[in-house]
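> A single structure is presented below for examination.
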Amino acid sequence: MFYPDQFDVIVIGGGHSGTEAAMASARMGCKTLLLTHNIDTLGQLSCNPAIGGIGKGQLVKEIDALGGLMGMAADKASIQSRILNASKGPAVKSTRVQLDRTVYRKVIRSALENQTNLSIFQQPVDDLILKNDLVVGAVTKMGLKFHAKSIVLTVGTFLDGKIHLGLENYSAGRAGDTASISLASQLRKLPLRIGRLKTGTPPRIDARSINFKNLKIQLGDTPLPLFSFLGRQHPPLTQKPCHITYTNEKTHEIIQKNLERSPMYRGIIDGIGPRYCPSIEDKIIRFSDRSAHQIFLEPEGLTSNEIYPNGISTSLPFDVQLKIVRSIQGMKNAFIVRPGYAIEYDYFDPRDLKPTLESKHIQGLFFAGQINGTTGYEEAAAQGLLAGLNAGRLARGEEGWFPLRNQAYIGVLVDDLTTLGTQEPYRMFTSRAEYRLLLREDNADLRLTEIGYQLGLVDENRWCRFNQKVELIEQEKQRLRSIWIKPNSDNQIDQIIKSPLSRETNGEDLLRRPEVNYSLLTSLKPFLPSLENNEAGMQVEIQIKYEGYIVRQKEEIAKQLRNENTLLPLSFDYSLISGLSNEVVSKLNDHKPISLGQASRISGITPAAISILLVWLKKQGLLRRSA
């Protein structure tokens, strides 16, 4: 052919999932092609201008620890950075940043265009090329055929996407972009379970038409929190505040009077919306006892006048949207720049995927992002990185890799999806992780960077800096352990501790006291100086202060790993095993779990059923465990 058409990996879609997938595959050394309908929208923030949040910040940190792009791009584009749950324990602290949309998109595009082994081509994809149950390529709208050993589908809300604005609707992937109709039609022919989901976005407001005078101001933190473990690589952008306002009884009355014009409440929208990001009309119905709902007025950038009113997503008609907005304090004269809308789209049941995100039915085909039923940039990016990694490994003839629930929030995410599936857009929370004390934001690099280096995702610069940090932490812990203080020997120490020393004590024991933190301890003469690396200092404090809890959680994990690593045959009819109930047989045949651990998390699979499976594996000589 006159044009390169042979690749190791093809990624279809250039959103948050697709960009991470393409970068991961290319970083591993695989010849990668990213196919997108529009190069100018690579890395577009389609909804809110922010990244991170409870549970989501942990995902971004893990993406960064594995060499991914999202964290560094967010740091470069940040116009406000905050730590959520700052007063709580380290397990639930989460970073969230407001972004300049334009800067973020430019950073993502620049990274993609300068990535070795990665080519970008602008063309919508209309079909996949299959040989029996093996995917071998993709066909674009203009008929070009590209071939690859593995393909990653990261098509977001574009599959037969339909935008709803009042009782009117039209085909679109998002506002201003056409839907993928042909590809959706072809994918429906595959032996995969499919459904419809819905999400929405609020109207955008011209900041010049808002009266901020009496609204509560919300500033970012100082110093500015960062996502990337590489630290600040650039001067920060000018920081901007957010503002807080509320709906009121008049707002709710307007919505109530116009519910018959809502496509959701008229039954026009079939897709299920996100439980944790409901539309404003959903909020006033579900929480009818509340007289007000909080709205965050978030700036969209340094050179933009647009404000994102976080909290009033809606698909009501434009005239109703205008009344709603103008009923809210500070927005009496508000000018809407873009109307809000809801969008419906196809998604595929993630239970049809292996934990590597490869299809169980079509070899070489990977799914990542909203196509798997998730919502959120961070969830999409995490899946994209994992799918891109495993698409590359498959192309090289290597075994797939995925983190377990005790290793990463990414592991929790893919296990929840591939084991339990989802009937509504899935959002990550810290509460979904049973081992969240071990899966903190602050230690994502300690958990994953070495693995990322072994997998070929982490470059030498990051690896070198990581090892320096690990060495610093161990040296500092040893230093504090070696400094001993006798009772009544130091007035400074006596003044900061609540109960006097009864015996000779070292720095490590002092740091275990709740009233003593690392910064305070290392400001005292016997323990000077403190580490210049603040991240390393934080690790010293957390590892020492929470050591007992961490040890107990690791012991709990060790007990669980026996089942987690006991593999089950993928192609097997469980009705052949005597002693299992019809319900258990049906669910096992439906889910096709890869291990006893995964089987145990399927609703309705009892401990007795797990015992029967274990006995059967032993009798058949099939008892084997993964590494």
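Glycine is no exception: its Cβ is also placed from the backbone N, Cα and C atoms.
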> Given that Swiss-Prot annotates GLY13, GLY14, GLY15, HIS16, SER17, GLY18, VAL125, SER180 as FAD-binding, name the residue from GLN321, GLN329, GLN363, GLN370 that shares the site.
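Within the candidate list, Swiss-Prot flags GLN370.
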> Neighbour count, 10 Å Cβ-Cβ cut-off, for GLY15 (FAD binding site): what number do you get?
30
> When you measure from the Cβ of SER17 (FAD binding site), which residues in the chain that are at least 6 apart have a Cβ under 8 Å away?
THR154, GLY156, ALA368, GLY369, GLN370, ALA380, ALA381, GLN383, GLY384, ALA387
> Where the record says GLY13, GLY14, GLY15, HIS16, SER17, GLY18, VAL125, SER180, GLN370 bind FAD, what is the longest distance in Å from one Cα to another among those residues?
18
> Output, ordered by sequence, the same-chain residues six or more apart from LYS283 (NAD(+) binding site) with a CB under 8 Å from its CB, or 'none'.
ARG290, HIS293
> Go through VAL125, ARG275, SER279, PHE287, GLN370, our binding-site residues, and report the one whose Cβ sees the most other Cβ atoms within 10 Å.
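Counting every other Cβ within 10 Å of each candidate, the maximum falls on GLN370.
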> Can you give me the Cα-Cα distance between SER279 (NAD(+) binding site) and GLY13 (FAD binding site) in Å, rounded to a whole number?
27
> Have a look at the binding-site residues (GLY13, GLY273) and report the one with the fewest Cβ neighbours inside 10 Å.
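Relative to the other binding-site residues in GLY13, GLY273, GLY273 has the fewest Cβ atoms within 10 Å.
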> Determine, to the nearest whole angstrom, how far the Cα atom of GLU281 (NAD(+) binding site) is from the Cα atom of GLY13 (FAD binding site).
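Their Cα atoms are separated by 31 Å.
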> Distance check, please: Cα of GLY273 (NAD(+) binding site) against Cα of GLY15 (FAD binding site), rounded to an integer number of angstrom.
20
